[in-house]
Amino acid sequence: MFFQGEGSIDIPVQDIISWIFDQARYEIEKPVYMDASDTSRSISWRQARTLVRQLAAGLRAAGLKDGDCVCLHSFNDIYYSILVLGIIAAGGIYMGTNPGYTSHELNYHLRVAQAKFVISDPEMLDRMIPAAEGNGIPKDRIWAFTTRESQVVATTGLAHWTALLKHGEADWHRLDDPNHAKTTVVARLFSSGTTGLPKPVDFTHYNIIAQHTLVYDAHPVPFETSRILSLPFFHAAAAPSAHFSTLRLGDPSYVLRRFEPDLFLTTVAKHNITECTAVPPIILTILSHCTTPKYSHSLQSLKIVRCGAAPLDKTTQARFQSLLAPDATFTQVWGMTESSCIATMIPYPESDDTGSVGRLLPGMEAKIINTDGDDITAPDTTGEVCLRGPTIVRGYFNLPSANESAFDKDGFYRTGDLGYCDGKTRKWYLLDRKKDIIKVRGFQVAPAEVEGVLRNHPRIQDVAVVGVYDAEAKTEYPRAYVVRQDQSLREEEVKEFVALRLAKYKRLDGGVRFIDAIPRNASGKILKRLL
């Protein structure tokens, strides 16, 4: 018998643009998306609907065909989500990339996702253009996403994204058969999965609507909600809520281009924000700022704070809880890209101080397996947690072998996380990760990717990368164990080699250790537990 989430709720089976725009559920002129740094910049439901229809017409005029993948490369902005919806409305597939990526990384992501179009922040075009050209994407299929007067298009020959708005309006791509909502892909976000390089994960209309339904509709709250959106929009931790739930709910949502503690705290206090989602490094930063008199009471309006993407210790959780109002809850959630974000949570107004990540969402199932893959599902039994349910994605795009190893014959996704379910409370607790993924400030770093870069160094014979935990920073960092080709190679040279080729969060901030040999088993697999 599998573990099952309590309760049940009907999940709409339709295309996601109709789900948002077929019917207005609140005042259509009220601002929904607002720029936290300049609240005069805002977008209402009516404006969003018009823009999405214009983008659908413009992208089709530009040659987009059903199933074409469009890469959006930018920091957060109130128009980011509009572009996401416009891409889907045109029949395309949205793909987001980290603004910190190098050309090397962008080249890989564009290639494996089979991107055909690019919309990029002008500040990042120097890295994006070579990557796009390397994947056969011509400049007439690249647009500059300039949203502020201070930004200028740094590269000539590129159209501004608003050129896509000059082709009139077109109805969005509707699904003739509602059941196609369960098979038609709308987003291709990246996950490290359980092993290897970042993998493109395909989300359907149904996956994303299910995520919203199980998180929000199944758990209504007795107060008017306002949100602050500070997590990166390209990331699966933010995408379902930021791009889809926001306009469905109509709750005022204040967008930060990127997380800035002063702006975050000022916005929460000034606009009486009631809900936010964070990751442990953000929690730690807020704690350090709230020790000053200026911000000591800035969080009093918050009623719901959820923390995920990495474990949070109980001491830090208690410290943050003490900054909130007595009726506020600060709880942990658990999920992953492959579960469309959240899989377990503790709904308001229940609190938790035990370190639990919550209970399964309604309609979700879980089982526990041992190291041999045998089902050992039982309360209070530790093993690898596997998930099944409406939010679990179809799989990785164009990677049949990865799908075969990640999903079993019964449709369960092997999370790689070790945990157990408390038999009395039905709360879940995670103990460790089976997978080798390193979590740096909420971002996932695949050791294989960093190892692959280092193996191209002419003076490195062998290498293994592991995560080391920094207790002060409350995050892991990558550390490289290196077998040198010659003894003249120094730590700073190795660090610089990685820094020039990978994003900042993938750098070797955990240091470099030189050793005589990398421990491996008979099949050649690195024995990282010995490092």
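Here the Cβ of each residue, glycine as well, is placed from N, Cα and C on the backbone.
Look at Arg188 (AMP binding site): DSSP puts it in a strand. Proximity of Arg188 (AMP binding site) to non-local residues of its own chain (separation of 6 or more, Cβ distance below 8 Å) is seen for Cys69, Ile93, Tyr94, Met95, Ala113, Pro200, Val201, Asp202, Phe203, Phe397, given in sequence order. Among the features that Swiss-Prot reports, AMP binding site is placed at Arg188, Leu189, Phe190, Ser191, Ser192, Gly193, Thr194, Thr195, Gly196, Leu197, Pro198, Lys199.
Per Swiss-Prot, region 'AMP-binding' is recorded for 449-525, and the stated evidence type is sequence analysis. The average pLDDT computed over the region 'AMP-binding' (449-525) stands at 91.
Taken residue by residue with DSSP, Pro198 (AMP binding site) is part of neither helix nor strand, so it is coil. Here Phe190 (AMP binding site) comes close to Thr97, His109, Ala113, Pro198, Lys199, Pro200, Val201, Thr337: these same-chain residues lie at least six apart in sequence, with C-beta atoms under 8 angstroms from its C-beta. Applying DSSP to the region 'AMP-binding' (449-525) sorts its residues as follows: 18 helix, 25 strand, 34 coil.
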